[in-house]
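What follows is a single structure, written as structure tokens, with notes after it.
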Amino acid sequence: MIIRSPEPEVKILVDRDPVKTSFEEWARPGHFSRTLAKGPETTTWIWNLHADAHDFDSHTSDLEEISRKIFSAHFGQLSIIFLWLSGMYFHGARFSNYEAWLSDPTHIRPSAQVVWPIVGQEILNGDVGGGFRGIQITSGFFQIWRASGITSELQLYCTAIGALVFAALMLFAGWFHYHKAAPKLAWFQDVESMLNHHLAGLLGLGSLSWAGHQVHVSLPINQFLDAGVDPKEIPLPHEFILNRDLLAQLYPSFAEGATPFFTLNWSKYAEFLTFRGGLDPVTGGLWLTDIAHHHLAIAILFLIAGHMYRTNWGIGHGLKDILEAHKGPFTGQGHKGLYEILTTSWHAQLALNLAMLGSLTIVVAHHMYSMPPYPYLATDYGTQLSLFTHHMWIGGFLIVGAAAHAAIFMVRDYDPTTRYNDLLDRVLRHRDAIISHLNWACIFLGFHSFGLYIHNDTMSALGRPQDMFSDTAIQLQPVFAQWIQNTHALAPSATAPGATTSTSLTWGGGGLVAVGGKVALLPIPLGTADFLVHHIHAFTIHVTVLILLKGVLFARSSRLIPDKANLGFRFPCDGPGRGGTCQVSAWDHVFLGLFWMYNAISVVIFHFSWKMQSDVWGSINDQGVVTHITGGNFAQSSITINGWLRDFLWAQASQVIQSYGSSLSAYGLFFLGAHFVWAFSLMFLFSGRGYWQELIESIVWAHNKLKVAPATQPRALSIVQGRAVGVTHYLLGGIATTWAFFLARIIAVG
């Protein structure tokens, strides 16, 4: 840490009125590019317009201008998010059975969408209980609203209006910070100040205010709701905030105010800041008092973290110093030069952020079911399945995006002349070793993971169950995973003496938690079947990484095309006369990586869906006997590929296939339509450009004959455009098919 004298002068960090506001300019399509602004000559123009509209690098090479555009666009994004949130809350206020659900969350299912009877589609309004007819929703909003203490639809209305106001404010901010007071480049590059403000402000004060809301509003309201008090009788949020006696009736230590805090007698607050672990048996969610305690602790950590970096006061850490001091015995210059990369290349910065956020999103997916945070979430199986699936897909897309922007950084922003012997240079210099080893790992994992299944299918087909890998024949128990489970299950009596129960029921040990006769959570047993499918996970993840990492490491050059950097991020082939050089651009690696990401995530969500229905979700009778949805068939059925096809895909597709004529019929139509969208993608992926150009010229001839030829000359999609359209429909079709399949199934049986 270096201590310097404070800097005397205050820097002016904005430019006033840098860009005039012009509706005329915005109304001209392609105004950001000289070529596009001329208007269309061929139909390729509209595709280029879409490809380049947000590629700010192609509009200008001025880093300050690019930074301002990105900054301004972020406000636009936030505006759309507020608008979307407002819509969610408005539906909750206007079209939902929220108040009915609040009074009986175990028997009434959440609905916030009512179909209007225009052409007879009111069949979609199913009976969700309590005399309400609508579409069952699986977003988890009702559970979040209850956890935050919302007790009436009027409160939802007010929040929806508030979100609209914020959406307008964000739109204004986006305009203001580009056209009226635009930050200078130095402001965008002041990482220490940015870290301090984001850590202390967004994460620190954000968590603190949420903890405050939970203690003063959520906890008392949920206390009343759990006790069965009618939501209309519960005092309103402002009454709890203004009247301390109300809170003191529920939590006596509130009568003492802040005295225990300042006298360091903090244990007084243990009534509402707890450390219990496990789930609340009434709601099947984490203890809300644990959650409040967690947010208070997080707030303290981030408030401290937000005061660690050196800004105007000459005290604290400098990021450049930290990075340059980071050298290991095998890393040459280490992190030297990374500071310059990350402050001048937003692609490099974005790649890191996407990789971390994508990984974090996948971690969230796994926590949402193993530590369900909201009341009555764990017993809403449709919502549990939707939240897991949603966060897995999002995480997958973000990680592929990380590779895409890392490759764009390599092509556009990497300067080989200034990088020597730092970490990145060393990785690039032994990229052949990295990729060939990774390739070997993929081959090993692929043959061995599928080999285990093929062995089982063969033995099963030949009627030799005693020779299969299964829990009842040749066992392949996941011993390391079971050891980890056991360690965590025993933690409260060993490594975490302060906790009453382990962090998650899934570890084992404790009994189950059931709410209203439905299982919320219980210890999840792992066996041979999980061992097999986990190696498929390892295989698909490694192949995805192989494709993406090869795209990044060979983005600038390869033995095949040494001057790849000059060809750009996306190009079809290395020009005429060089056969075998197609599909080598960094863009093509992202394109291929998307398919493997889709493979990887599909296996994960299939595994989760079946495992939970087989071993966790189900009903419990008065004697305490649990009946699982698919009766524990995962362990014996999922050990063959035939079992996956027969007992998962086919058996569980019966609900979506037989949904016609019921309130689930929309899922049947989506299932069909999404299959069609997926199949449509193959037309783009399997066909060559010349085929379409010939067909188009034939059609243009016919138009000319009839004197109806358009002024804009029709062109076949370029190779890259065709692939982009193909992969988009492939993913959209595949994801929507899975969505319809999962929801029709789980809403029918859950």
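Note that the numbers count up from 1, one per residue, in the order the chain is shown.
Cβ from N, Cα, C; glycine included.
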> According to Swiss-Prot, which listed range is transmembrane segment: 195-219, 245-269, 695-719?
Replying inline: 195-219
> Do you know offhand how many angstrom separate Trp692 (phylloquinone binding site) and Cys582 ([4Fe-4S] cluster binding site) by C-alpha?
Replying inline: 19
> Relative to the Cβ position of Trp692 (phylloquinone binding site), how many further Cβ atoms are located within 10 Å?
Replying inline: 17
> Hey, does the transmembrane segment (156-179) touch the transmembrane segment (589-610), meaning at least 3 C-beta pairs closer than 8 angstroms, sequence gap 6 or more?
Replying inline: no
>> Under 8 Å between C-beta atoms and at least six residues away from its ends: which parts of the chain pack against the transmembrane segment (664-686)?
In response: 123-124, 126, 135, 655-658, 717, 722-723, 725-730, 732-737, 739-741, 743-744, 747-748
>> Are there residues at least six beyond either end of the transmembrane segment (724-744) with Cβ under 8 Å to its Cβ atoms? List them, or say none.
In response: 138, 382, 385-386, 389, 393, 591, 594-595, 598, 602, 605, 609, 652-653, 655-656, 659, 664, 667-668, 670-671, 673-685, 717
> Given the binding-site residues Cys573, Cys582, which one is most crowded in terms of C-beta atoms within 10 angstroms?
Replying inline: Cys573
>> With pairs fewer than 6 apart in sequence excluded, do the transmembrane segment (291-309) and the transmembrane segment (156-179) have three or more C-beta pairs that lie under 8 Å?
In response: no
> Quick one: Cα separation, Cys573 ([4Fe-4S] cluster binding site) versus Tyr691 (chlorophyll a binding site), in Å?
Replying inline: 18
